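What TrEMBL records for this protein:
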- 1-11: compositional bias 'Basic residues' (COMPBIAS)
- 1-29: region 'Disordered' (REGION)
- 61-426: domain 'SAM-dependent MTase RsmB/NOP-type' (DOMAIN)
- Cys179, Ala180, Ala181, Pro182, Gly183, Ser184, Lys185, Asp210, Asp237, Asp264: S-adenosyl-L-methionine binding site (BINDING)
- Cys317: active site, nucleophile (ACT_SITE)
- 445-497: region 'Disordered' (REGION)
- 469-491: compositional bias 'Basic and acidic residues' (COMPBIAS)
Amino acid sequence: MGKRSRQRKKEHQNNSKPGGRDNRDNAGWGAGYTDIVKENKLFEAYYQELGLVPEGEFDQFMEAMREPLPATIRITGYKSHAKEILHCLKNKYFKEIQEVEIDGQKIEAPQPLSWYPDELAWHTNMSRKILRKSPLLEKFHQFLVSETESGNISRQEAVSMIPPLLMKIEPHHKILDMCAAPGSKTAQLIEMLHSDMDVPFPEGFVIANDVDNKRCYLLVHQAKRLNSPCIMVVNQDASCIPRLQIDTEDGQKDTLFYDRILCDVPCSGDGTMRKNIDVWKKWTTSNSLHLHGLQIRIAVRGVEQLAVGGRMVYSTCSLNPIEDEAVIATLLEKSEGALELADASADLPGLKWMPGVTKWKLMTKEGQWYKDWSEVPANRHTQIRPTMFPPTDTEKLANMKLERCMRILPHHQNTGGFFVAVLVKNAPMPWNRRFPKLRKEQLFSSVPQPEDSPVGTPLPETPLEDGEREGGGKEAGEDSPKEPEADDQTKEPNMCG
(Lines of atoms letter the chains of each structure in order from A and count residues from 1; the text may use other names and numbers.)
(Lines give C-alpha, C1' and ligand atoms only; values in the text may rest on other atoms or scores of the structure.)
Protein backbone atom coordinates (compact mmCIF):
# COMPACT_ATOMS: atom_id res chain seq x y z
CA MET A 1 0.00 0.00 0.00
CA GLY A 2 1.41 3.40 -1.01
CA LYS A 3 1.87 6.38 1.26
CA ARG A 4 -1.12 8.25 -0.19
CA SER A 5 -3.38 5.20 0.17
CA ARG A 6 -2.41 4.82 3.81
CA GLN A 7 -3.15 8.51 4.42
CA ARG A 8 -6.57 8.24 2.77
CA LYS A 9 -7.41 5.11 4.80
CA LYS A 10 -6.36 6.82 8.04
CA GLU A 11 -8.39 9.93 7.15
CA HIS A 12 -11.46 7.78 6.41
CA GLN A 13 -11.12 6.01 9.76
CA ASN A 14 -10.83 9.33 11.61
CA ASN A 15 -13.84 10.78 9.81
CA SER A 16 -15.95 7.73 10.68
CA LYS A 17 -15.47 8.34 14.39
CA PRO A 18 -17.91 10.49 16.41
CA GLY A 19 -17.39 14.11 15.39
CA GLY A 20 -15.89 13.16 12.01
CA ARG A 21 -17.29 14.16 8.62
CA ASP A 22 -19.34 10.94 8.32
CA ASN A 23 -20.93 11.22 11.77
CA ARG A 24 -24.67 10.66 11.29
CA ASP A 25 -25.67 12.24 14.59
CA ASN A 26 -25.78 15.61 12.83
CA ALA A 27 -27.42 14.51 9.57
CA GLY A 28 -24.15 14.19 7.72
CA TRP A 29 -23.19 17.87 8.12
CA GLY A 30 -20.43 17.08 10.61
CA ALA A 31 -19.55 19.92 12.91
CA GLY A 32 -20.38 22.33 10.07
CA TYR A 33 -19.44 26.00 10.05
CA THR A 34 -20.02 27.94 13.21
CA ASP A 35 -22.04 31.11 12.88
CA ILE A 36 -19.95 34.24 12.70
CA VAL A 37 -20.16 36.06 16.01
CA LYS A 38 -21.04 39.69 15.34
CA GLU A 39 -18.59 41.06 17.84
CA ASN A 40 -15.25 42.82 17.55
CA LYS A 41 -13.88 44.39 20.74
CA LEU A 42 -11.23 46.36 18.89
CA PHE A 43 -13.87 47.88 16.59
CA GLU A 44 -16.05 48.91 19.53
CA ALA A 45 -13.14 50.36 21.50
CA TYR A 46 -11.89 52.30 18.48
CA TYR A 47 -15.14 53.98 17.50
CA GLN A 48 -16.23 54.60 21.07
CA GLU A 49 -12.97 56.45 21.70
CA LEU A 50 -13.22 58.48 18.47
CA GLY A 51 -16.65 59.81 19.44
CA LEU A 52 -18.12 59.75 15.93
CA VAL A 53 -21.43 58.48 17.31
CA PRO A 54 -23.45 61.02 19.34
CA GLU A 55 -23.29 60.60 23.09
CA GLY A 56 -25.77 58.06 24.40
CA GLU A 57 -26.32 56.43 21.00
CA PHE A 58 -23.40 54.00 20.82
CA ASP A 59 -25.43 51.00 22.01
CA GLN A 60 -28.06 51.75 19.35
CA PHE A 61 -25.28 52.09 16.78
CA MET A 62 -23.83 48.67 17.62
CA GLU A 63 -27.27 47.06 17.77
CA ALA A 64 -28.06 48.37 14.28
CA MET A 65 -24.72 47.08 12.96
CA ARG A 66 -25.69 43.56 14.07
CA GLU A 67 -29.08 43.65 12.34
CA PRO A 68 -29.49 42.46 8.70
CA LEU A 69 -29.56 45.23 6.12
CA PRO A 70 -32.98 45.95 4.55
CA ALA A 71 -33.40 45.17 0.86
CA THR A 72 -33.64 48.32 -1.26
CA ILE A 73 -34.95 48.81 -4.79
CA ARG A 74 -34.72 51.83 -7.06
CA ILE A 75 -37.10 52.47 -9.95
CA THR A 76 -35.16 53.45 -13.05
CA GLY A 77 -35.56 57.19 -13.37
CA TYR A 78 -35.02 57.85 -17.06
CA LYS A 79 -37.61 55.41 -18.43
CA SER A 80 -40.77 57.12 -19.65
CA HIS A 81 -42.89 54.56 -17.80
CA ALA A 82 -41.15 54.94 -14.40
CA LYS A 83 -44.33 56.48 -13.01
CA GLU A 84 -46.32 53.53 -14.30
CA ILE A 85 -44.01 51.10 -12.49
CA LEU A 86 -44.34 53.16 -9.30
CA HIS A 87 -48.13 53.26 -9.64
CA CYS A 88 -48.22 49.49 -10.14
CA LEU A 89 -46.07 48.86 -7.07
CA LYS A 90 -47.98 51.20 -4.78
CA ASN A 91 -51.53 50.42 -5.82
CA LYS A 92 -51.25 46.72 -6.53
CA TYR A 93 -48.44 44.96 -4.70
CA PHE A 94 -47.85 47.19 -1.68
CA LYS A 95 -51.57 47.51 -0.88
CA GLU A 96 -52.05 43.75 -1.07
CA ILE A 97 -48.92 43.05 0.99
CA GLN A 98 -50.42 45.03 3.88
CA GLU A 99 -53.17 42.40 4.15
CA VAL A 100 -50.80 39.42 4.21
CA GLU A 101 -50.29 37.55 7.48
CA ILE A 102 -47.52 34.99 8.05
CA ASP A 103 -47.39 32.98 11.27
CA GLY A 104 -50.07 35.23 12.73
CA GLN A 105 -48.20 38.48 12.07
CA LYS A 106 -48.93 41.13 9.47
CA ILE A 107 -46.20 41.83 6.95
CA GLU A 108 -44.87 45.38 6.86
CA ALA A 109 -45.16 46.79 3.35
CA PRO A 110 -42.11 48.40 1.70
CA GLN A 111 -41.54 52.05 2.62
CA PRO A 112 -40.12 54.86 0.44
CA LEU A 113 -36.74 56.37 1.26
CA SER A 114 -37.72 59.78 2.61
CA TRP A 115 -34.75 61.55 1.04
CA TYR A 116 -34.86 60.02 -2.46
CA PRO A 117 -36.69 62.20 -5.02
CA ASP A 118 -40.14 61.30 -6.34
CA GLU A 119 -40.51 58.12 -4.25
CA LEU A 120 -38.35 56.21 -6.72
CA ALA A 121 -36.49 54.23 -4.03
CA TRP A 122 -38.03 51.81 -1.50
CA HIS A 123 -36.77 49.53 1.24
CA THR A 124 -38.19 46.46 2.96
CA ASN A 125 -37.23 44.06 5.75
CA MET A 126 -38.84 41.06 4.03
CA SER A 127 -36.38 38.19 3.72
CA ARG A 128 -36.31 35.55 0.98
CA LYS A 129 -37.61 33.03 3.50
CA ILE A 130 -40.72 35.15 4.10
CA LEU A 131 -41.23 35.72 0.37
CA ARG A 132 -41.55 31.97 -0.14
CA LYS A 133 -44.26 31.59 2.50
CA SER A 134 -46.99 33.43 0.60
CA PRO A 135 -48.17 33.09 -3.04
CA LEU A 136 -48.74 36.85 -3.18
CA LEU A 137 -45.25 37.63 -1.90
CA GLU A 138 -43.78 35.09 -4.32
CA LYS A 139 -45.63 36.84 -7.15
CA PHE A 140 -44.24 40.18 -5.95
CA HIS A 141 -40.74 38.70 -5.92
CA GLN A 142 -41.14 37.40 -9.50
CA PHE A 143 -42.30 40.85 -10.59
CA LEU A 144 -39.18 42.44 -9.09
CA VAL A 145 -36.92 39.89 -10.78
CA SER A 146 -38.46 40.40 -14.23
CA GLU A 147 -38.42 44.20 -13.96
CA THR A 148 -34.80 44.11 -12.79
CA GLU A 149 -33.78 42.04 -15.80
CA SER A 150 -35.53 44.50 -18.12
CA GLY A 151 -33.83 47.49 -16.49
CA ASN A 152 -36.95 49.05 -14.97
CA ILE A 153 -35.87 48.33 -11.39
CA SER A 154 -32.41 48.08 -9.79
CA ARG A 155 -31.38 46.44 -6.52
CA GLN A 156 -29.06 48.89 -4.80
CA GLU A 157 -28.08 49.64 -1.21
CA ALA A 158 -29.67 52.86 0.04
CA VAL A 159 -26.48 54.74 0.94
CA SER A 160 -25.00 53.78 -2.43
CA MET A 161 -27.61 56.00 -4.08
CA ILE A 162 -26.38 59.15 -2.34
CA PRO A 163 -23.19 60.09 -4.30
CA PRO A 164 -24.84 60.31 -7.76
CA LEU A 165 -27.61 62.50 -6.34
CA LEU A 166 -25.04 64.97 -4.99
CA MET A 167 -23.31 65.28 -8.37
CA LYS A 168 -26.16 67.37 -9.88
CA ILE A 169 -25.87 65.78 -13.30
CA GLU A 170 -27.20 67.41 -16.47
CA PRO A 171 -27.59 65.82 -19.94
CA HIS A 172 -24.49 67.54 -21.39
CA HIS A 173 -22.07 66.51 -18.63
CA LYS A 174 -18.94 64.49 -19.25
CA ILE A 175 -18.72 62.06 -16.33
CA LEU A 176 -15.98 59.75 -15.02
CA ASP A 177 -16.73 56.94 -12.57
CA MET A 178 -13.24 56.04 -11.34
CA CYS A 179 -13.93 52.82 -9.39
CA ALA A 180 -17.21 51.78 -10.94
CA ALA A 181 -17.73 48.04 -10.32
CA PRO A 182 -20.12 46.43 -9.63
CA GLY A 183 -21.99 49.24 -11.40
CA SER A 184 -25.06 50.22 -9.39
CA LYS A 185 -23.90 53.83 -9.12
CA THR A 186 -22.84 53.79 -12.79
CA ALA A 187 -26.35 52.75 -13.79
CA GLN A 188 -27.72 55.59 -11.69
CA LEU A 189 -25.42 58.07 -13.44
CA ILE A 190 -26.60 56.86 -16.85
CA GLU A 191 -30.22 57.22 -15.79
CA MET A 192 -29.61 60.79 -14.64
CA LEU A 193 -28.10 61.68 -18.02
CA HIS A 194 -31.39 60.55 -19.59
CA SER A 195 -33.65 62.14 -16.96
CA ASP A 196 -34.76 64.96 -19.29
CA MET A 197 -37.35 63.44 -21.63
CA ASP A 198 -36.94 66.43 -23.97
CA VAL A 199 -33.36 65.29 -24.66
CA PRO A 200 -33.61 61.76 -26.12
CA PHE A 201 -29.90 61.63 -26.98
CA PRO A 202 -27.81 63.50 -24.38
CA GLU A 203 -24.56 65.17 -25.37
CA GLY A 204 -22.93 63.88 -22.22
CA PHE A 205 -21.55 60.45 -21.44
CA VAL A 206 -20.28 58.22 -18.63
CA ILE A 207 -16.84 56.60 -18.69
CA ALA A 208 -16.90 53.77 -16.15
CA ASN A 209 -13.50 52.49 -15.04
CA ASP A 210 -12.41 49.61 -12.84
CA VAL A 211 -9.02 48.03 -12.21
CA ASP A 212 -10.44 44.48 -12.12
CA ASN A 213 -10.96 43.08 -15.61
CA LYS A 214 -13.58 40.55 -14.52
CA ARG A 215 -15.57 43.20 -12.69
CA CYS A 216 -15.55 45.30 -15.86
CA TYR A 217 -17.67 42.60 -17.49
CA LEU A 218 -20.11 43.02 -14.61
CA LEU A 219 -20.20 46.74 -15.42
CA VAL A 220 -21.06 45.96 -19.03
CA HIS A 221 -23.87 43.65 -17.90
CA GLN A 222 -25.31 46.38 -15.67
CA ALA A 223 -25.13 49.01 -18.41
CA LYS A 224 -26.67 46.79 -21.10
CA ARG A 225 -29.95 46.66 -19.17
CA LEU A 226 -30.37 50.41 -19.70
CA ASN A 227 -29.87 50.41 -23.50
CA SER A 228 -27.97 53.70 -23.43
CA PRO A 229 -25.39 54.73 -26.06
CA CYS A 230 -23.77 57.10 -23.54
CA ILE A 231 -21.54 54.63 -21.68
CA MET A 232 -17.99 53.40 -22.17
CA VAL A 233 -16.26 50.88 -19.88
CA VAL A 234 -12.47 51.00 -19.44
CA ASN A 235 -10.06 48.81 -17.48
CA GLN A 236 -7.37 50.96 -15.80
CA ASP A 237 -5.79 51.54 -12.41
CA ALA A 238 -7.74 54.56 -11.14
CA SER A 239 -4.67 56.01 -9.43
CA CYS A 240 -2.96 56.44 -12.81
CA ILE A 241 -5.83 56.47 -15.27
CA PRO A 242 -4.54 58.19 -18.45
CA ARG A 243 -5.90 61.40 -19.87
CA LEU A 244 -8.06 61.01 -22.96
CA GLN A 245 -8.13 63.16 -26.07
CA ILE A 246 -11.16 64.30 -28.02
CA ASP A 247 -11.45 65.58 -31.58
CA THR A 248 -12.47 69.19 -32.09
CA GLU A 249 -14.56 70.67 -34.89
CA ASP A 250 -11.45 72.17 -36.50
CA GLY A 251 -9.74 68.77 -36.68
CA GLN A 252 -7.42 69.27 -33.72
CA LYS A 253 -7.24 67.27 -30.50
CA ASP A 254 -7.95 68.50 -27.00
CA THR A 255 -7.47 66.87 -23.63
CA LEU A 256 -10.70 65.68 -22.04
CA PHE A 257 -11.57 67.17 -18.66
CA TYR A 258 -14.68 65.92 -16.87
CA ASP A 259 -17.57 68.01 -15.56
CA ARG A 260 -18.40 65.42 -12.91
CA ILE A 261 -16.29 62.70 -11.30
CA LEU A 262 -17.41 59.98 -8.92
CA CYS A 263 -14.50 58.84 -6.75
CA ASP A 264 -15.90 55.90 -4.77
CA VAL A 265 -12.58 54.49 -3.64
CA PRO A 266 -11.70 50.98 -2.35
CA CYS A 267 -12.04 50.99 1.42
CA SER A 268 -11.98 48.82 4.53
CA GLY A 269 -15.77 48.57 4.35
CA ASP A 270 -16.54 48.65 8.05
CA GLY A 271 -19.79 50.42 7.21
CA THR A 272 -20.94 47.27 5.39
CA MET A 273 -20.93 44.93 8.41
CA ARG A 274 -24.69 44.49 8.14
CA LYS A 275 -24.36 42.71 4.79
CA ASN A 276 -20.68 41.64 4.72
CA ILE A 277 -20.51 39.78 8.02
CA ASP A 278 -16.94 38.62 7.34
CA VAL A 279 -15.86 42.16 8.25
CA TRP A 280 -16.69 41.41 11.89
CA LYS A 281 -13.85 38.93 12.26
CA LYS A 282 -11.43 40.51 9.76
CA TRP A 283 -11.61 44.16 10.87
CA THR A 284 -8.49 45.76 12.32
CA THR A 285 -7.22 49.32 12.29
CA SER A 286 -4.46 48.17 9.93
CA ASN A 287 -6.97 47.93 7.08
CA SER A 288 -7.34 51.71 6.95
CA LEU A 289 -3.60 52.30 7.26
CA HIS A 290 -2.97 50.07 4.25
CA LEU A 291 -5.55 51.83 2.08
CA HIS A 292 -4.95 55.48 2.99
CA GLY A 293 -2.17 56.07 0.47
CA LEU A 294 -4.06 54.39 -2.37
CA GLN A 295 -7.16 56.45 -1.63
CA ILE A 296 -5.15 59.68 -1.78
CA ARG A 297 -3.55 58.71 -5.09
CA ILE A 298 -6.92 57.90 -6.66
CA ALA A 299 -8.47 61.13 -5.38
CA VAL A 300 -5.50 63.19 -6.58
CA ARG A 301 -5.77 61.67 -10.04
CA GLY A 302 -9.46 62.49 -10.02
CA VAL A 303 -9.08 66.19 -9.27
CA GLU A 304 -6.34 66.43 -11.91
CA GLN A 305 -8.84 65.30 -14.56
CA LEU A 306 -11.70 67.42 -13.23
CA ALA A 307 -12.58 70.53 -15.21
CA VAL A 308 -12.41 73.87 -13.44
CA GLY A 309 -15.92 74.53 -12.14
CA GLY A 310 -16.67 70.81 -11.98
CA ARG A 311 -17.67 68.66 -8.99
CA MET A 312 -16.03 65.52 -7.68
CA VAL A 313 -17.84 63.38 -5.12
CA TYR A 314 -15.53 61.35 -2.87
CA SER A 315 -17.16 58.47 -1.00
CA THR A 316 -16.36 55.35 1.02
CA CYS A 317 -18.40 52.74 2.87
CA SER A 318 -16.05 53.17 5.82
CA LEU A 319 -16.63 55.24 8.94
CA ASN A 320 -12.92 55.65 9.68
CA PRO A 321 -11.62 59.27 9.51
CA ILE A 322 -8.27 57.97 8.19
CA GLU A 323 -10.08 56.92 5.01
CA ASP A 324 -12.47 59.86 5.05
CA GLU A 325 -11.62 63.30 6.49
CA ALA A 326 -7.87 62.61 6.40
CA VAL A 327 -8.00 62.07 2.62
CA ILE A 328 -10.16 65.16 2.07
CA ALA A 329 -7.89 67.30 4.29
CA THR A 330 -4.84 66.12 2.34
CA LEU A 331 -6.48 67.05 -0.97
CA LEU A 332 -7.52 70.49 0.29
CA GLU A 333 -4.09 71.22 1.75
CA LYS A 334 -2.21 70.22 -1.39
CA SER A 335 -4.63 72.09 -3.66
CA GLU A 336 -3.66 75.46 -2.12
CA GLY A 337 -7.16 76.83 -2.61
CA ALA A 338 -7.90 75.21 -5.96
CA LEU A 339 -10.43 72.92 -4.26
CA GLU A 340 -13.17 73.63 -1.76
CA LEU A 341 -15.75 71.52 0.04
CA ALA A 342 -19.26 72.26 -1.19
CA ASP A 343 -22.12 72.59 1.27
CA ALA A 344 -24.51 69.78 0.31
CA SER A 345 -26.60 69.93 3.48
CA ALA A 346 -29.75 71.08 1.64
CA ASP A 347 -29.39 68.82 -1.40
CA LEU A 348 -31.15 65.78 0.09
CA PRO A 349 -33.95 66.89 2.45
CA GLY A 350 -34.86 64.08 4.82
CA LEU A 351 -31.42 62.47 4.88
CA LYS A 352 -29.95 62.22 8.38
CA TRP A 353 -26.19 62.60 8.56
CA MET A 354 -23.43 63.64 10.93
CA PRO A 355 -21.04 66.47 9.99
CA GLY A 356 -17.40 65.67 9.34
CA VAL A 357 -15.00 65.77 12.27
CA THR A 358 -11.91 67.94 12.72
CA LYS A 359 -10.24 65.88 15.44
CA TRP A 360 -9.38 62.20 15.40
CA LYS A 361 -6.73 59.84 16.68
CA LEU A 362 -5.00 56.80 15.26
CA MET A 363 -4.85 53.37 16.86
CA THR A 364 -2.67 50.39 15.94
CA LYS A 365 -4.00 46.84 15.98
CA GLU A 366 -2.15 46.36 19.27
CA GLY A 367 -4.27 49.12 20.84
CA GLN A 368 -1.60 51.86 20.89
CA TRP A 369 -3.03 55.38 20.35
CA TYR A 370 -1.30 58.31 18.61
CA LYS A 371 -2.73 61.84 18.60
CA ASP A 372 -0.32 63.36 16.08
CA TRP A 373 2.67 62.53 13.91
CA SER A 374 5.20 63.62 16.53
CA GLU A 375 4.17 60.71 18.78
CA VAL A 376 4.77 58.03 16.15
CA PRO A 377 8.03 56.09 16.71
CA ALA A 378 10.46 55.81 13.80
CA ASN A 379 9.92 52.08 13.40
CA ARG A 380 6.26 52.74 12.48
CA HIS A 381 6.87 55.48 9.93
CA THR A 382 6.37 53.09 7.02
CA GLN A 383 2.89 52.11 8.20
CA ILE A 384 1.75 55.44 9.66
CA ARG A 385 2.05 58.65 7.63
CA PRO A 386 1.61 62.35 8.53
CA THR A 387 -1.42 62.67 6.22
CA MET A 388 -3.36 60.30 8.47
CA PHE A 389 -3.60 62.95 11.21
CA PRO A 390 -5.62 66.19 11.30
CA PRO A 391 -3.77 69.34 10.16
CA THR A 392 -1.96 70.98 13.07
CA ASP A 393 -2.54 74.54 11.82
CA THR A 394 -5.86 75.49 13.45
CA GLU A 395 -6.55 78.35 11.03
CA LYS A 396 -5.90 76.15 8.01
CA LEU A 397 -8.08 73.42 9.52
CA ALA A 398 -10.95 75.87 10.08
CA ASN A 399 -10.74 77.11 6.48
CA MET A 400 -11.10 73.55 5.18
CA LYS A 401 -14.65 73.36 6.59
CA LEU A 402 -14.46 69.60 7.11
CA GLU A 403 -17.82 69.77 8.85
CA ARG A 404 -19.33 69.89 5.34
CA CYS A 405 -18.42 66.21 4.91
CA MET A 406 -21.34 63.84 5.54
CA ARG A 407 -21.18 60.63 7.60
CA ILE A 408 -24.19 58.30 7.52
CA LEU A 409 -24.68 56.20 10.68
CA PRO A 410 -26.64 52.91 10.42
CA HIS A 411 -29.00 53.44 13.36
CA HIS A 412 -30.32 56.82 12.18
CA GLN A 413 -32.28 55.58 9.14
CA ASN A 414 -31.72 51.81 9.10
CA THR A 415 -28.95 51.90 6.48
CA GLY A 416 -25.33 50.92 6.13
CA GLY A 417 -22.49 53.18 7.26
CA PHE A 418 -21.21 55.65 4.66
CA PHE A 419 -19.10 58.76 4.09
CA VAL A 420 -19.41 61.30 1.30
CA ALA A 421 -17.87 64.69 0.49
CA VAL A 422 -18.46 67.03 -2.46
CA LEU A 423 -15.43 68.88 -3.85
CA VAL A 424 -15.60 71.80 -6.27
CA LYS A 425 -12.58 72.74 -8.39
CA ASN A 426 -12.05 76.51 -8.58
CA ALA A 427 -8.68 76.57 -10.37
CA PRO A 428 -6.14 74.18 -11.92
CA MET A 429 -4.15 72.14 -9.41
CA PRO A 430 -0.90 73.87 -8.40
CA TRP A 431 1.34 70.93 -9.26
CA ASN A 432 0.17 70.80 -12.91
CA ARG A 433 3.08 72.87 -14.22
CA ARG A 434 3.20 71.13 -17.58
CA PHE A 435 -0.06 71.34 -19.49
CA PRO A 436 -0.72 70.10 -22.99
CA LYS A 437 -1.75 72.98 -25.24
CA LEU A 438 -5.37 73.14 -24.23
CA ARG A 439 -8.21 75.24 -25.37
CA LYS A 440 -9.43 77.45 -22.55
CA GLU A 441 -12.97 76.08 -22.87
CA GLN A 442 -11.67 72.51 -22.56
CA LEU A 443 -9.89 73.26 -19.30
CA PHE A 444 -13.10 74.52 -17.75
CA SER A 445 -16.34 72.76 -17.00
CA SER A 446 -19.09 72.98 -19.58
CA VAL A 447 -21.39 74.20 -16.82
CA PRO A 448 -22.12 77.92 -17.29
CA GLN A 449 -20.56 79.98 -14.49
CA PRO A 450 -22.22 83.07 -13.00
CA GLU A 451 -20.48 86.41 -13.28
CA ASP A 452 -19.46 86.37 -9.62
CA SER A 453 -18.24 82.77 -9.79
CA PRO A 454 -15.05 82.03 -7.80
CA VAL A 455 -13.68 80.20 -10.82
CA GLY A 456 -10.52 82.03 -11.77
CA THR A 457 -8.26 82.30 -14.76
CA PRO A 458 -6.33 79.13 -15.62
CA LEU A 459 -2.65 78.99 -14.89
CA PRO A 460 -0.30 79.84 -17.77
CA GLU A 461 0.03 76.93 -20.14
CA THR A 462 3.40 75.71 -21.36
CA PRO A 463 4.33 73.44 -24.24
CA LEU A 464 4.96 69.74 -23.77
CA GLU A 465 8.36 68.98 -22.35
CA ASP A 466 10.71 66.17 -23.23
CA GLY A 467 9.42 62.81 -22.10
CA GLU A 468 5.84 64.01 -21.73
CA ARG A 469 3.18 62.13 -23.61
CA GLU A 470 0.88 64.17 -25.81
CA GLY A 471 -2.49 64.57 -24.19
CA GLY A 472 -1.60 62.80 -20.97
CA GLY A 473 1.26 64.28 -18.98
CA LYS A 474 4.15 62.07 -17.92
CA GLU A 475 3.68 58.53 -16.77
CA ALA A 476 0.77 58.38 -14.39
CA GLY A 477 1.27 60.28 -11.19
CA GLU A 478 4.55 61.93 -12.22
CA ASP A 479 2.98 65.36 -12.24
CA SER A 480 1.18 64.72 -8.96
CA PRO A 481 2.39 65.44 -5.44
CA LYS A 482 4.32 62.44 -4.20
CA GLU A 483 2.65 60.62 -1.35
CA PRO A 484 4.79 58.25 0.76
CA GLU A 485 3.27 54.80 0.54
CA ALA A 486 2.44 52.63 3.50
CA ASP A 487 3.30 48.95 3.61
CA ASP A 488 1.08 46.45 1.84
CA GLN A 489 -0.55 49.01 -0.45
CA THR A 490 -1.38 46.21 -2.87
CA LYS A 491 -3.53 44.39 -0.32
CA GLU A 492 -6.91 43.70 -1.86
CA PRO A 493 -9.45 45.97 -0.16
CA ASN A 494 -13.04 45.20 0.67
CA MET A 495 -14.99 46.19 -2.42
CA CYS A 496 -18.21 48.04 -1.74
CA GLY A 497 -21.36 47.81 -3.78
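Yeah, the Cβs are placed from backbone N, Cα and C, and that goes for glycine too.
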Within the predicted model, mean pLDDT of the domain 'SAM-dependent MTase RsmB/NOP-type' (61-426):
93
What's the CA to CA span in angstrom from Cys317 (active site, nucleophile) over to Asp237 (S-adenosyl-L-methionine binding site)?
20
Give me the largest Cα to Cα distance among Cys179, Ala180, Ala181, Pro182, Gly183, Ser184, Lys185, Asp210, Asp237, Asp264, the residues the record lists as binding S-adenosyl-L-methionine, in Å as a whole number.
20
For each of Cys179, Ala181, Cys317, count the other CB atoms within 10 A of its CB; which of these recorded positions has the top count?
Cys317
Is it possible to get the count of other C-beta atoms within 10 angstroms of the C-beta of Lys185 (S-adenosyl-L-methionine binding site)?
27
In sequence order, what residues of the same chain, 6+ apart, have a Cβ less than 8 Å from the Cβ of Gly183 (S-adenosyl-L-methionine binding site)?
Ala208, Leu218, Leu219, His221, Gln222, Ala223
